[in-house]
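Swiss-Prot annotations:
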type     : residues         : note
DOMAIN   : 5-119            : domain 'Response regulatory'
MOD_RES  : D54              : 4-aspartylphosphate
DOMAIN   : 140-368          : domain 'Sigma-54 factor interaction'
BINDING  : 168-175, 231-240 : ATP binding site
DNA_BIND : 450-469          : DNA-binding region
Amino acid sequence: MPTGSILVADDDAAIRTVLNQALSRAGYEVRSCGNAATLWRWVSQGDGDLVITDVVMPDENAFDLLPRIKKARPDLPVIVMSAQNTFMTAIRASERGAYEYLPKPFDLKELISIVGRALAEPKKAEKLALGSDEQENIPLVGRSAAMQEIYRLLARLMQTDLTVMIAGESGTGKELVARALHDYGKRRNGPFVAINMAAIPRDLIESELFGHEKGSFTGATTRNAGRFEQAEGGTLFLDEIGDMPMEAQTRLLRVLQQGEYTTVGGRTPIKTDVRIIAATNKDLRTLIQQGLFREDLFFRLNVVPLRLPPLRERSEDVPDLVRHFFLQAEREGLPAKQVDSAALDRLKRYRWPGNVRELENLVRRLAALYPQEIITPSIIEAELSEPAPSALSEDGPVDATLGASVERHLNGYFSGFGEDLPPPGLYHRILRDVEYPLLSAALAATRGNQIKAAELLGLNRNTLRKKIRDLDIQVIRTSR
C-alpha cells in the first residue's frame with residue numbers, strides 16, 4: 001500500500017474533496033487548503049512529501065510560490081494543475097521546477113500514477129531555469145486534449161538535448177514546435193538554424209549542411225559555412241528529412257555517430273555541438289521499406305517521436321486559432337475583426353487540408369480584404385467554396401478574371417474605410433497573399449521541380465528558392 005503525506009491546494013472545494021477521497025483510497029495521508037498562504041506555511045514547516053496545487057488561487061499565483069518552495073525544499077515534488085490549458089502554462093510549470101503539469105479536467109488514475117512515480121523516485125535537487133513571465137507571442141495555440149499532450153511532452157523536453165522527430169502533415173506547425181523547443185530550452189542563447197531538404201537542389205544539400213571549401217567544386221569561389229557550423233551551440237532543424245538524398249543521409253548518420261564532420265572538399269574533421277530536431281510529413285517507415293531512407297538514421301533521429309495532429313482532429317481549437325491570427329493581424333495595423341458564432345461553426349466543420357497554415361492564410365485574407373467588422377457565415381462560405389474549373393484561353397481571360405477578382409476585393413476593402421485610408425503596407429500584404437498560391441500552384445504543376453517552376457514563373461532559381469523559404473511553402477517532389 002502506498003504511503004506518504006500529500007498537501008493539496010485548490011480554491012475549489014469540490015476539487016479538494018475529490019482529490020482527498022481519491023488519494024486517501026490510494027493509501028496516502030492528505031491535507032488540503034484553499035489558499036497559497038496555508039500551503040506555504042505547511043511547506044515551510046517541513047510538512048508533506050508531495051504538493052498538488054492549482055495555479056490560480058485567491059491570494060497568490062502558484063508560479064510565484066513555486067520558486068520559494070523549491071528554494072526551501074528542493075527535494076519536494078510539486079504537481080501543478082491548471083484550467084488555463086495553454087502552451088505557456090506547461091512551459092512555466094516546467095521552468096519553475098514543477099514535477100508535472102496536469103491540465104484540468106484530468107484523469108484521477110493518471111494523477112495517482114504520477115503521484116506514485118514522484119514519491120518513488122530518489123530525491124534530488126531540481127535545477128531551476130527561471131524564464132520570463134510574459135505571455136505575449138505564444139508560439140503554440142490550442143486547448144484540445146491533443147495539444148495538451150504535446151505541451152506536456154514539450155515541457156519535459158525543454159531541459160534536455162534529446163533528438164526529436166516531429167511528424168505531421170504540411171501546415172500543422174512542425175517548425176513552430178521546433179522553435180519552441182529551442183526558444184524555451186537550454187540552448188535558447190544559441191542560434192536556431194533551419195534547413196528544408198525539399199527546398200534545396202539535391203546536389204547542393206551536402207554543401208548546405210556541411211559547408212564547402214574554396215575550389216571544392218565549380219562555382220565555389222569562396223569558403224562557405226554550412227548549417228552545422230552556423231548552428232554551433234544551438235539547434236539545427238532538419239525540415240522534410242524524408243527528402244534528404246541517400247548520400248547526404250550517410251554523411252548525417254556519421255555526424256550523429258561521431259559528433260564531427262568534414263566540409264565538402266575539406267579533410268580536417270570539425271567537432272560539432274548542436275541539438276538535432278527533424279521533421280517530416282512522410283511515413284519514414286514506408287520510405288525505409290522502399291529503400292529511400294536509412295533505417296539506422298531513422299533510429300538515430302527518432303529518439304523522441306512527436307506527432308502533430310492535423311487541424312481536423314482538433315477542430316475545437318479553431319476559435320482560439322482564429323482569435324490568435326486576427327490579433328496578430330491587428331498588431332500589424334489591420335482593422336479589428338470578430339467572427340460570429342455561426343461562422344465559427346462553419347470553420348470548425350471544414351476539413352482544413354492545409355491545416356493551421358491554411359487557416360492562418362484565410363484569416364489574413366479576411367483581415368486585409370473585407371471591410372466588414374463582423375465576419376459572417378456567407379463570407380466564410382464564399383472563401384471556402386472552390387469555384388468550378390473553367391477552360392480559359394491563353395490570350396487573357398485568366399488575367400482578366402484574376403484582375404477583376406482582385407479589383408472587386410480591393411474596392412470593397414477601400415470602401416470599408418470611407419474617406420480614410422487603410423493601414424500602411426497594403427502593397428506587401430496583397431503581394432504576399434497572391435504570391436503564396438501562385439508559387440504553390442507553379443510548384444504543384446511542375447511536381448516540385450524548382451528549375452521548371454522558376455522557368456514557368458519567369459524567376460531566377462535563387463529568387464524562387466528565397467521566396468519558398470520566406471513564404472514557408474512546402475515543396476513536395478513527385479514522379480510522373
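Glycine residues also receive a Cβ, built from the backbone N, Cα and C atoms like all the rest.
Summed and averaged per residue, pLDDT over the domain 'Sigma-54 factor interaction' (140-368) gives 89. Non-local contacts of L238 (ATP binding site) by the CB criterion (under 8 A, 6+ apart in sequence, same chain) comprise I195, M197, M244, L252, I276, I277, A278, A279, L301. Neighbour density around each Cβ, counted as other Cβ atoms within 10 Å, peaks among the binding-site residues G168, G171 at G171. Cβ neighbours of K174 (ATP binding site) (same chain, under 8 Å, six or more residues apart in sequence): I166, G168, D239, A279, N281, L308.
Cα to Cα, E232 (ATP binding site) and the residue listed as '4-aspartylphosphate' are separated by 40 Å. Secondary structure at G168 (ATP binding site), as computed by DSSP, is coil. All protein chains considered, the CB of E232 (ATP binding site) has 16 other CB atoms within 10 Å.
Each residue contributes its Cα atom, and for G171 (ATP binding site) and D54 (4-aspartylphosphate) these two points are 34 Å apart. Around the Cβ of T235 (ATP binding site), the same chain contributes A178, L181, H182, G185, R187, G190, P191, F192, V193, V274, R275, I276, I277, each under 8 angstroms and 6 or more positions distant in sequence. Long-range Cβ neighbours of the residue listed as '4-aspartylphosphate' (same chain, at least 6 residues apart, Cβ-Cβ under 8 Å): A9, D10, D11, D12, I15, A62, V80, M81, S82.
In this structure, K174 (ATP binding site) is part of a helix by DSSP.
For the domain 'Response regulatory' (5-119), the DSSP-based tally of helix, strand and coil residues reads 54 helix, 26 strand, 35 coil.
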